[in-house]
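Student: Following this message is one structure expressed as structure tokens.
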Amino acid sequence: MNQEVMNLFNPTTPAQVFDQIRISIASPEKILSWSYGEIKKPETINYRTFKPERDGLFCARIFGPIKDYECLCGKYKRMKYKGIICEKCSVEVTLSRVRRERMGHIELAAPVAHIWFLKSLPSRIGLLLDMTLKDLERILYFEYYVVLEPGLTALKDRQLLSEEEYLRAQDEYGQDSFTAMIGAEAIRELLKGLELERLEAELRAEMQATESDIKHKKLAKRLKIVEAFRFSGNKPEWMILTVVPVIPPDLRPLVPLDGGRFATSDLNDLYRRVINRNNRLKRLMELRAPDIIIRNEKRMLQEAVDALFDNGRRGRVITGANKRPLKSLADMLKGKQGRFRQNLLGKRVDYSGRSVIVVGPELKLHQCGLPKKMALELFKPFIYSRLDAKGLSTTVKQAKKLVEKERPEVWDILDEVIREHPVLLNRAPTLHRLGIQAFEPVLIEGKAIQLHPLVCAAFNADFDGDQMAVHVPLSLEAQLEARVLMMSTNNILHPANGQPIIVPSQDIVLGLYYLSIMREGLPGEGKVFGDMAELEHALHAKVIHLHTKIKYRWDHIGEDGKPVKRLIDTTAGRVMLGQVLPKSPKISFDAINKLMTKREISGVIDQVYRHCGQKETVIFCDRIMALGFYNAFKAGISFGKDDMVVPHSKWKIVDATRSMAKDFEQQYNDGLITHGEKYNKVVDAWSKATEEIAKEMMKEISAVKKNPKGGEAQINSIYMMAHSGARGSPAQMRQLAGMRGLMAKPSGEIIETPIISNFKEGLSVLEYFNSTHGARKGLADTALKTANSGYLTRRLVDVAQDCIITQDDCGTKLGIKMRAIVDSGTVVASLGSRILGRTACEDIREAATNKVLIKRNTLMEESHVDQISRAGIQEVKIRSALTCELVNGICGKCYGRDLARGTPVNHGEAVGVIAAQSIGEPGTQLTMRTFHIGGAAQLNEQSVIESNFDGKITIRNKAIARNGEGHLVAMVRNMVVAVADADGTERATHRIQYGARMHVDEGDLVKRGQRIAEWDPYSRPILTEVEGTIGFEDLVEGQSISETLDESTGIAKRIVIDWRSTRGGADLRPAIVIKGKDGKVLKLPRGGDARYMLSVDAILSVDVGAKVTPGDILARISTESAKTRDITGGLPRVAELFEARRPKDAAIIAEIAGTIRFGRDYKNKRRISIEPVDKDEEAREYLIPKGKHIHLQDGDIVEKGDFIVEGNPAPHDILAIKGIEELAAYLVNEIQEVYRLQGVLINDKHIEVIVRQMLQKVEVTDQGETDMISGEQIDKIEFDRLNVKAKEEGKKIATGTPVLLGITKASLQTRSFFSAASFQETTRVLTEAAVNGKVDPLEGLKENVIVGRLIPAGTGASMAKIREVAVKRDKLILDEREKQAAIVPSAPEAEPLALPPAE
């Protein structure tokens, strides 16, 4: 008896131990081997007795008893009859739980096709038989016969015959002269008759022979599926079912409701239809019914089985009584409500509660306040056991009573139980791992959970009604993990960027800012203090103010560890702040001897963490929080109407702008400017005005005012809030006290009448109406953004979930080059910030002395980065996840520092998931809109380059000409001007536009702010490179050129018009040529004629016969029209990059280096070819639509990777032409740019991890003598494995090129079918996997969660390792014992074995 009670917790069947899971197609024999009996009747349960009907869908004889250890008729009850089969009702006496495990089956009277293999595209049956889906369906649904064996007749093999044709053929050739069949039997015979080996050989031969690309692809597809069937051991005829399995009844329950009705699973309905139709078919066949009736019944049976497996995939959806589609077996797995995502990947858990959160400012960082009522409920089992141990109760029932009465001893025990037992707090949505953290509970009265203010940033929580959930880690291991890994004190740094995330905000910042203000002319200025006591005395006696400038004697510890005293200029407030600083020689008083804004405070916390360690940081954070709150309260900073200062000059600026707008309106009415130009100019003028007013307002608000009583007055409180970073921003202040500015229409365009009022003055009705558009759109955007961002995160997690740190070093020599990112002259991301925490790939040497500064494989710490920046090194090669050579996972050296800990990354760290969370979490902060760049509204196009540093100019790729006016002009597109400082270190680099006017030349010295170059942002010039006389070609008035008079200036403009649309203009090729003295077209120095092709809308700047010198402008192409393009920004751009989509107007990139040649035009496309420099390569040709402007001329030299036509490059092209490193650099920069605009910091390595996952496939270009098929995409690992095998066998190896897959595609093509099936397109993934007989090695996180094991990351990885070692040891011991047993047959007592040491 006792044994059985213990057994309740252990399943009857021992849990299977397995390392991998294989999925394949079930054969009829297999289905029968699972089954415990055939289901012959559609009945379920008897409506009166509620007992299952015999042979029905719930039959107890087949599936097992309904009550534990009790047969159906009640003859055998209790445990003692276990295993007996009752002779009356034939039910086995056992646990009722077997009804969840035992399956049944239905023998079909006619075979039916499995809909997944038929309809899931591409149709597997169709591919194997090489028949179209339409033909297959015609045969299956009894419309056409198919000839199986033509015999000696004129019919062809597999020919389709309609009813009439079949009868005619029978009359013509006689009944037995040929074999034709119809329905699933026919298909089954066809599949049975396939000889796979022969078919494979034929296909391979055909592939070698074929020239056509399309045919090759088709054959490759067939070959793959034939191979799949051969190697997986599946037989093709198993795709046609003769037996249908029936799942256990407890997985499709039927529950009686009160009132005599039943709630049932849809599957029972679907099974019932199958059984009904099957039985009817059997009966009809026995009765020898007419063919047509039987055929109809067979078709209905096929439809019933289709609906059971996948309702709605073919034909109408079968609906239940309430017009709702029935949920079929496939629907049980699919989608968010399916088995995978609803029950396997996320479950509801025990021991949890949720409540509203309130602020707990008196808590320590590692604590949270837990309401007593909640704690009592959550820790019940612990309390019961402790009551029992103390002898206060003997039974659970008694303990329950005590707890329910809430006796005083229960509270004492609760205190004991809760001591040092951490709980997990979680706030939904959990966007990154900091959304769940562990705290030690502190019991509190009330019903709300108290949360420490500093962790709010990590949870993204505020106290306006947010709720949080509490979970209790039960086992000792769980408690240990919670304490060591998840405690809030261990999560000081943000995993996305390594910056502190436990940073004061709002009130605390304001208090610290107030504390650290220094004001001139206050009482007691210049007094000297020796210690804190004197200072406090003086403050209380009002001799000095918090903000008074004083001198103070500061004691601190020097570098040598001895105390040092020094006198510093500071304020009383800053000294108070200095008291909470940890004593360390690395942290000086200067760290806080300044105005403390949020940024400064964050910097100090970072410094403390780096130099003093975690414990000190936590204590410091708690102290500075208390100080901040106290001083915010003492300061009493409030917010009054008069704090919003409207600048005096506001109306002056508004009036000036109004008159400008009026002028533009007038110019438009006079026809001098177009509507678009007027709109752009007006919008531009108002944007400038808004900026100016905002500047004036800031000037007035931040101005230091004098106090009438002497000294400086209190600082404006709104300014304090915004400047300290506590709340608000200059943009919001502008709306409060400046002017609200321009608003957007719902379509995204800007309304040209701005809102002149601010909130202090109040808006007029019209202004208010105009402002509602934008506000409403903002709210709608926010709602959409959340969903989109969540979906992006889900795709990212899915693609990267199996990226885990598995080894220390993969030993690769590869890496990627890093340099600072410079955007229009300003350094956006310094080299130091990009290489911090990464591993050097090669020795880093000083440029001047060639001395090794940093050895290869060194993890770069802050000190190394300082060394590099001091040495002025511009480029560093570092190791990266992209170049890591490990097969499974990434190595620690290639990954670098674990950003959340600041130490080298640990084994088993799930870096893929962290990367996905780091990129996905800020997704909600990104914008959703597509920017329309319309003219000047956002046209702060840079048209001037000024130097940001003093230095010396160097020019790379130099090509400068002095034009007719004596100006220097840039003649090439890839010219770069660099400014170097006195040591020769490059401080800034600028890309110079083609045709820009240069103000400096090589070797010139420039001062900061001096102009380097300028150009016209509204047009692109075409320049001449030789001196000569102008001639026109094909520039025919009225056909390819038209003259218009510019009314504002009265000058005639000649514009190239679309010559293809004019009469007789189709063959024209308009160009300007430059002729020499002999009247012949001159040659260019780089080869080719001096002929400049013109595109539509070019404006000519010269006349026939004019003399030109190099650098003169021949024509301009106005870019005003090109400026209204859409720029995809924000989230859609990030998604577009990760999905590796081809942009709409993709750039065309030169695939080889060479010379441009213009070929014959083709219809309305231009033909451009590149003559290669390297004679071994073949020339490349590109067809470009004629309207597109090509900025290259005949004879231009292009490098590999140059743009021939501007635009966004397609990432695939970058990969194909420039390789992996360039692609990675492009993706990282583009994605970072989107996040940078929103001020979000993400470390590059996260994006690199995701890009690594996108590059896992190889396309086979030449199959060599391997089993691969050229043109197929194959896993890199598999590709290498097959090549190694071929090499060992002395065969020719295959070659391949890396393929870039978007994240969705990459997730669906992972090695694990479990992971792919639970992501998207479940049906397709499972069908594919079953046909291939795929094995899931259970390597990723997702698969292991699904099968219910520890994940192979973090502590789960260590557990797996320990288990491995244990198994090895056991084996050694057992072998040793066997040996000893063999040597000594009857030794009395063997010596104890010495264990081999652990690995």
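Note that Cβ sites are derived from N, Cα and C of the backbone, with glycine treated the same way.
Look at Swiss-Prot and you will find C71, C73, C86, C89 tagged as Zn(2+) 1 binding site, backed by sequence analysis. Swiss-Prot lists D462, D464, D466 with the feature Mg(2+) binding site, giving sequence analysis as the kind of evidence. According to Swiss-Prot, the Zn(2+) 2 binding site annotation covers C810, C884, C891, C894, on the basis of sequence analysis.
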Student: Consider the binding-site residues C86, C89, C810, C884, C891 and say which one has the Cα lying nearest the Cα of D464 (Mg(2+) binding site).
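Tutor: So, of the listed binding-site residues, the one sitting closest to D464 (Mg(2+) binding site) is C891.
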Student: Of C71, D462, D466, which is closest to C894 (Zn(2+) 2 binding site) if I measure between C-alpha atoms? They're all binding-site residues.
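Tutor: Closest candidate to C894 (Zn(2+) 2 binding site), judged by Cα separation, is D462.
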Student: Could you list the residues of the same chain, at least six apart in sequence, whose Cβ is under 8 A from the Cβ of C884 (Zn(2+) 2 binding site)?
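Tutor: Sequence-distant Cβ neighbours: C810, T812, I890, C891, C894, Y895, R1252.
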Student: Excluding near sequence neighbours, so keeping only residues 6 or more apart in the same chain, what lies with its CB under 8 A of C73 (Zn(2+) 1 binding site)?
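Tutor: Once residues fewer than 6 apart are set aside, C73 (Zn(2+) 1 binding site) is near C86, K88, C89, V91.
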Student: Looking at Cβ-Cβ distances, which residues of the chain lie under 8 angstroms from D462 (Mg(2+) binding site) while being 6 or more apart from it?
Tutor: C456
Student: Could you tell me which three-state DSSP class C891 (Zn(2+) 2 binding site) falls into?
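Tutor: It is in a strand.
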Student: Taking the Cβ of each of the binding-site residues and counting other Cβ atoms inside 10 Å, which one has the highest number: C71, C810, C891?
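Tutor: The largest 10 Å Cβ neighbour count belongs to C71.
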Student: Write out the long-range same-chain contacts of D466 (Mg(2+) binding site), meaning residues 6 or more apart in sequence whose Cβ is under 8 Å from its Cβ.
Tutor: V356, I357, R427
Student: Within 8 Å of the Cβ centre of D462, D464, D466, which other residues of the chain have their Cβ, at the recorded Mg(2+) site?
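Tutor: Near the Mg(2+) site, beyond D462, D464, D466, sit I357, A461, F463, G465.
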Student: Neighbour count, 10 Å Cβ-Cβ cut-off, for C86 (Zn(2+) 1 binding site): what number do you get?
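Tutor: Cβ-Cβ neighbours of C86 (Zn(2+) 1 binding site) within 10 Å number 20.
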Student: Rank the binding-site residues C89, C894 by how many other Cβ atoms lie within 10 Å of each Cβ and give me the one with the fewest.
Tutor: C89
Student: Indicate whether D464 (Mg(2+) binding site) is helix, strand or coil by DSSP.
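Tutor: DSSP call for D464 (Mg(2+) binding site): coil, neither helix nor strand.
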Student: Can you list the residues of the same chain, besides C810, C884, C891, C894, whose Cβ falls within 8 Å of the Zn(2+) 2 site's Cβ centroid?
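Tutor: For the Zn(2+) 2 site, the extra neighbours are Q807, D809, T812, R879, A881, T883, E885, L886, I890, G892, K893, Y895.
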Student: For D464 (Mg(2+) binding site), just count the other CB atoms lying within 10 A of its CB, please.
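Tutor: The Cβ of D464 (Mg(2+) binding site) has 5 Cβ neighbours within 10 Å.
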Student: For the Zn(2+) 1 site given as C71, C73, C86, C89, which other residues of the same chain have their Cβ within 8 Å of the site's Cβ centre?
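Tutor: Here the non-site neighbours turn out to be L72, G74, K75, Y76, E87, K88, S90, V91.
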Student: Look up C884 (Zn(2+) 2 binding site) in the DSSP assignment and reduce it to helix, strand or coil.
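Tutor: The residue in question, C884 (Zn(2+) 2 binding site), is coil (DSSP, three-state).
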Student: Taking DSSP as the reference, which of helix, strand or coil describes C89 (Zn(2+) 1 binding site)?
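Tutor: Where C89 (Zn(2+) 1 binding site) sits, the three-state DSSP reduction gives coil.
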